[in-house]
């Protein structure tokens, strides 16, 4: 298994730049998520690591070795494709053994290895079936089998659960994570589903328009988004943005939202002009009193919680509150925010201002 | 009242469809039946009017096709030893003796060599070119593809004279190689375009999976793309073979001896010892066989090939 280092990776397709100088490190054994909306460059990045695209510039180091200009066949990497790409003219056994055959592994050893992989994945009974008639889940397992049979340095997975139906996806995600925990294999996983990324990943890179927006653990990314894009992309419902004009200097522990002071972690840099206060819905509480007020315009019941939408002087805001709390449309309520969990952004650049809370979080 | 479905054909429309198909089949197959049956008629029967539908089958046409014969005087005819073989006997019945084998065998072999040779070459070159056009960034790709297509925009025979002169000075006239190259040149544009369509339909992920599994680009092409493209290759091969096999004009112009194919040879039978229609029909029947067998062998692929793209996705 291997550590993968990406340095200033860039990819241009003609005049279009798909990836604009990404840098991050994937530690040995990590389950690493490349997350972003479609067209953000995450798949291109994965394909460059795998060797299916050659970078325009920058470096890819696998175990300290620069492989950036080497063909895929010389990188010792396995990949699971979104549509699985099982060889349709071969049966399951042949599909799984195919990577070993290319390495000239003796037949007896191939048989033993295929049997072992089949046992791990629970697909022993379908080994001699053609791949055409398999269910989505079995195809997924065969694709995984083809990837793990060779003990490669790392696994690349391009939205491997995208082709499965919702119910089964959940199950397969658990299976994948369990498999990873057992094999401790460095895995790079591309997804546009933030829940999947949070649920499965050890680390997440969030990309947008070919740029790495943030790189860190799911907790870091959720609690301390480095940019407004990340704040908006991660979490459902997304982080609330309260836009206001203001000024902060290092040492400030509150900002003025209209006339109301709102406490937040100690600001460590100065900024002025249009600012944005970022509040996760679960960090809003509704009270009868309170200086900062809003009117309820909608309430969605979700079982244990409900999402209450309120109109405030600085934009609408969604609050996640216990479903037992009474929320009537039209009612005026006071809002309070959990001070330690707030983020402050510069509206022009979209960047999070440095505070006592997010210091040390990696920025893209 | 029975249930009515928009998508399910009614009993009556099924009957009408069956009738139309049968009628069409009879119309298309009638000339074929005519040719095959004429091949088994005697010379007399073949020209009788009204035509004989029921007749005494004879191998006269086939024997005449493969032999050359001479007429001998009645004195000599009486002195001949009794016929040694069944075909000697058939020739004697016509009042002639066998002088030697005809050239049909060689000409037929030429057709096989040239037809299959050019088909093979068209497919090999066409597949490689189609793969490159489908997968790689080729500079001026669209212009090149259009250029390749444009070679089919005029009838090939329009350039017969330049080709005739060119072949004469290159020493390619009346050679197998010359004819193979010529038919390949005509077929290659069809092959490239058809095969590119088929290869475009094969998802790139298959090759990418093979590349990652440690195979070279060429190995991935050979072991993953080619088996997937088998359908397209088979149907393209049939189209190429049918053209090369049936081609008449260039064959008349450019071949006369060593490399003459069957199409220009068969009409020459007519001139030998009167209008020998059974021999012509026998030649045509034998000539039909290879394409027929080739097509039947690849039939399953052909059907899938023709409907390719229309049914899938």
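Using N, Cα and C of the backbone, Cβ positions are placed for all residues, glycine too.
Per TrEMBL, the feature domain 'ABC transmembrane type-1' maps to B:108-298.
Positions annotated as transmembrane segment by TrEMBL: B:15-36 (among others).
Look at TrEMBL and you will find B:112-132 (among others) tagged as transmembrane segment.
Marked as transmembrane segment by TrEMBL: B:144-165 (among others). Sequence-distant neighbours of the transmembrane segment (B:144-165) (same chain, 6+ residues past either end, Cβ-Cβ under 8 Å): 129, 133, 138, 173, 182, 185-186, 188-190, 192-193, 196, 249-250, 253-254.
For B:177-195 (among others), the entry in TrEMBL reads transmembrane segment.
The transmembrane segment annotation in TrEMBL covers B:224-245 (among others). Within the chain, the transmembrane segment (B:224-245) has long-range Cβ neighbours (under 8 A, six or more residues past its boundaries) at 111, 114-116, 118-119, 122-123, 126-127, 131, 183, 186-187, 190-191, 194-195, 197-199, 202, 206-207, 209-210, 215, 290-291, 294-295, 298, 301-302, 304-306, 308.
Annotation comment: TrEMBL describes B:277-298 (among others) as transmembrane segment.
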Next item on the list: Determine which residues of the chain contact the transmembrane segment (B:112-132) at the Cβ level, with the cut-off under 8 Å and only residues 6 or more beyond its ends counted.
Entry: 138, 148, 176, 179-184, 187-188, 190-196, 198-199, 221, 225-226, 229, 233, 236-237, 240-241, 244-245, 259, 261, 290
